[in-house]
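As recorded in Swiss-Prot:
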type: BINDING; residues: Asn192, Met221, Tyr250, His286, Ser306, Arg307, Gly308, Asp347, Gly348, Leu349, Arg350, Glu386, Tyr413; note: substrate binding site
type: BINDING; residues: His390, His454; note: Zn(2+) binding site
type: BINDING; residues: Cys534, Cys537, Cys542; note: [4Fe-4S] cluster binding site
type: COMPBIAS; residues: 1-16; note: compositional bias 'Polar residues'
type: COMPBIAS; residues: 87-100; note: compositional bias 'Basic and acidic residues'
type: REGION; residues: 1-53; note: region 'Disordered'
type: REGION; residues: 82-108; note: region 'Disordered'
Amino acid sequence: MSAASANSVTNPSAWENSEIHPKHSYSPIVSGDLEVPETEIQLDDSPTGPNDPVRIYRTRGPECDPTVGLKPLRAQWIDSREDTEEYAGRERNLADDGRSAQRRGAASLEWKGVKPTPRRAKQGKRVTQMHYARQGIITKEMEFVALREHMDPEFVRSEIARGRAIIPNNINHPESEPMIIGRKFLTKINANIGNSAVTSSIEEEVSKLRWATRWGADTVMDLSTGDDIHTTREWIIRNSPVPIGTVPIYQALEKVNGVAEDLTWEIFRDTVIEQCEQGVDYMTIHAGVLLAYIPLTTKRITGIVSRGGSIMAGWCLAHHKESFLYEHFDELCEIFAQYDVAFSLGDGLRPGSVADANDAAQFAELKTIGELARRAWEYDVQVMIEGPGHVPLNMVQENNELEQKWAHDAPFYTLGPLVTDIAPGYDHITSAIGAAHIAMGGTAMLCYVTPKEHLGLPNRDDVKTGVITYKLAAHAADVAKGHPGARAWDDAMSKARFEFRWHDQFALSLDPDTAIAYHDETLPAEPAKTAHFCSMCGPKFCSMRISQDIRDMFADKIADLGIPQVGGDAEAGMAAKSEEFVAQGSQLYSEVRDNAAHA
């Protein structure tokens, strides 16, 4: 790594410690010894009186020096349960960082901060949130999540105990702020980051992590396949306030020089333990790719498009046997139960084109991973199920219905899905259409897609675009599902828009910077921020200004009709009309006399 790159990690940019808008502030929910993060958005007064602040979910975590990392929020909670122990852990070696590190003799930028001593469950103990929930215990993590979601703690415990929700919190990632994934809760989004053999660096990936969580990523997956895989992950985990996921087969493949058939259970198992000890919160495991399912993909247009799925399919064919992931699944469960690592059961046979959607291969694998979910639950290991992919809009909901049936209501986690294949460069949009639809139907978490999908490795700008697009899709689904409080944000924006409170509109935006920039392209002067029009219609044709003028000019006539004015006492107006209705005999219809006929 260059000196300039290292320096940028040591000296974070100003944006990292600033709010996304001056009207935003950190305003936690405080309950006992818990402090649960939220963002408060201050609003200007309306002509009719003050507006309450709007409070929204916050993922960015506290400020920190990235070379030091975050404070271990959950360390005391974990320690107080007295069911874990510290131990030496596996011995680190250069193969963990890949072939380039072995050639150099070192990783390019070693982690200099404190590295926690690995912990695991004591002999005979299980330390998963599902285990505690099944014992009737409401943990600090569950209390934290309940406050964050504005839900009852007992409801949170019940959903986890039933396998319908997960709190992915490895005991070796005490820096993480507990969050929950389940269809009864706010729809979550995941952002993928990670280097490749072609591009990126540790500095860039740490910056992407902090950037993604700044804009609202609920979890982040490190999908690094290039240099310094272990060290990059260490930097990411120690700086992450959100759960970190991985696909461990990628690192295992690097350890055998990229030759899939040389993979062994022993190498994979060692890689999994390495990542458990570092603090990875959930892992994608493609254990549902069975030998018998591979021929089902031969008539597809796009074959097997999952990297993990294709790796395991290649291994199965080379050895002509079931994958070691499937054969050793129970041992994986035992390992995960020691650290509270959640399964993200991978859809290695997901469709890579709308033509291949909902085919025999996809659904055969879904049935199998549904069976694996039940096996994981026997070990009290938390599970979510991965889904497609590329699916036409009319076929999306079938995926929700079959996942809930075959995977027994385990949380569903989907990549989009993309609903058309014709828009390279715009696949964040093609996928967000499907994402909103599938989330409305019950999917719990959405994996973002960036504009670079199918084209290249996303940079920081692409990460922001992907996160904002998917926050939009997730929120739209929450509004459609009637999630408590979801629409309050929309209503605050609508009121600010009608009253031409431009600064409030910017503050309430998912992306204030872009909203301000677009407004100021044509009306940059500060007085335009109080004008009752924008450049779309101008002052003469603004429909909202005209609507306000109508209300002002004909207020008395509107009052005669019994229609409360904006800002008026609507309840009092309705009560008065109710009294009038009763006084007239509570008749829906009354006779209208023709005065001319009786003259």
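First residue shown is number 1, and so on along the chain.
The backbone N, Cα and C atoms fix where each Cβ goes, glycine too.
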Field: His454 (Zn(2+) binding site) to Ser306 (substrate binding site) - Cα separation in whole Å
entry: 12
- line: The rounded CA-CA distance in Å from His390 (Zn(2+) binding site) to Tyr250 (substrate binding site) is 23
Statement: Secondary structure split (DSSP) over the region 'Disordered' (82-108) reads 10 helix, 3 strand, 14 coil
- line: Note: in the chain of Ser306 (substrate binding site), residues six or more apart in sequence with C-beta under 8 angstroms of its C-beta are His286, Gly346, Asp347, Gly348, Leu349, Arg350
Message: Please identify which of Gly308, Gly348 has the densest Cβ environment, defined as other Cβ atoms within 10 Å, among these binding-site residues.
response: Gly348
Task: Around the Cβ of His390 (Zn(2+) binding site), how many other Cβ atoms lie within 10 Å? Please give the count over every shown protein chain.
output: 26
Statement: Given the binding-site residues Tyr250, Tyr413, the candidate whose Cβ has the fewest other Cβ atoms within 10 Å is Tyr250
- prompt: Once the DSSP letters are reduced so that anything not helix or strand counts as coil, what is Asn192 (substrate binding site)?
  reply: strand
Query: Got a sec? Which of these binding-site residues, Arg350, His454, has the most Cβ atoms within 10 Å?
result: Arg350
Message: Helix, strand or coil by DSSP: which one applies to His390 (Zn(2+) binding site)?
response: strand
Statement: Counting across all protein chains, other CB atoms within 10 angstroms of the CB of Asn192 (substrate binding site) number 23
